[in-house]
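A.B. asks: Sharing a structure with you now.
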Amino acid sequence: MSETTVLFLLTTVGAAMMGTLAVIVRMKAIKKPASVKKIIIPPLMMSTGFLMFLYEPTHLPPERIVAPLIVGAAASYLLIRTSRFEIHNGDIYMKRSKLFIFLLFGLIAARVIIKLIIGEQIQLPQLAGMFFLLAYGMIIPWRIAMLLMFKKAEQQIERPAWSSPLKERT
């Protein structure tokens, strides 16, 4: 096996393991109340990944920048549709969704398949940059939508008791 093939396989397995770890972390995070900070910090921390583009082998032509951003934004639609908040005891939680779990694993599988298809045609550093852009293009719209949904749920909690219709007591 050539050095390139071994590196390709290691990065593919590594990406699949990181994706699985991300799903596990998301499932644990759902058990704790959400907050604005928990919604905003991941994309901010992830933005440090743009530093990889200071390394010349990761430089991309414009079409290899735009395409992953568009695909990421399209994939974010599915994440947005499967993300909901619910209120329990005055706290806001992300609602568990089986579809959300399957979607995350589906995205991991799609990433591996895409890498297997185009990985031989694009240099590994550029491919890494493209997958980073795809992930960033997905997380930004998703987190913006989550923030808006969270703020809406927060308004429901903060609404004074007299502003909601009276409910029959049982």
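Cβ coordinates are placed from backbone N, Cα and C, and glycine is handled just like the others.
What TrEMBL says about a protein is an automatic prediction, not a curated fact.
Just lifted these from TrEMBL, have a look:
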| type | residues | note |
| --- | --- | --- |
| TRANSMEM | 6-27 | transmembrane segment |
| TRANSMEM | 39-55 | transmembrane segment |
| TRANSMEM | 61-80 | transmembrane segment |
| TRANSMEM | 100-118 | transmembrane segment |
| TRANSMEM | 130-150 | transmembrane segment |
A.B. asks: Using Cβ atoms and a strict cutoff of less than 8 Å, what residues sit near the transmembrane segment (100-118) while being 6 or more residues removed from its termini?
C.D. replies: 11-12, 15-16, 19-20, 22-23, 26-27, 75, 78-79, 82-83, 127, 131, 134, 138
A.B. asks: Please report, as numbers and ranges, the same-chain residues at least 6 past the borders of the transmembrane segment (130-150) whose CB is under 8 Å from any CB of it.
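C.D. replies: Here the qualifying positions are 15, 34, 36, 39-40, 42-43, 46-47, 49-50, 52, 60, 64-65, 67-73, 75-77, 79-80, 83-85, 92, 107, 111, 115, 122.
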A.B. asks: The transmembrane segment (39-55): which same-chain residues, six or more beyond its ends, come within Cβ distance under 8 Å?
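C.D. replies: Hits for the transmembrane segment (39-55): 125, 128-129, 132, 135-136, 139-140, 143, 146-147, 150.
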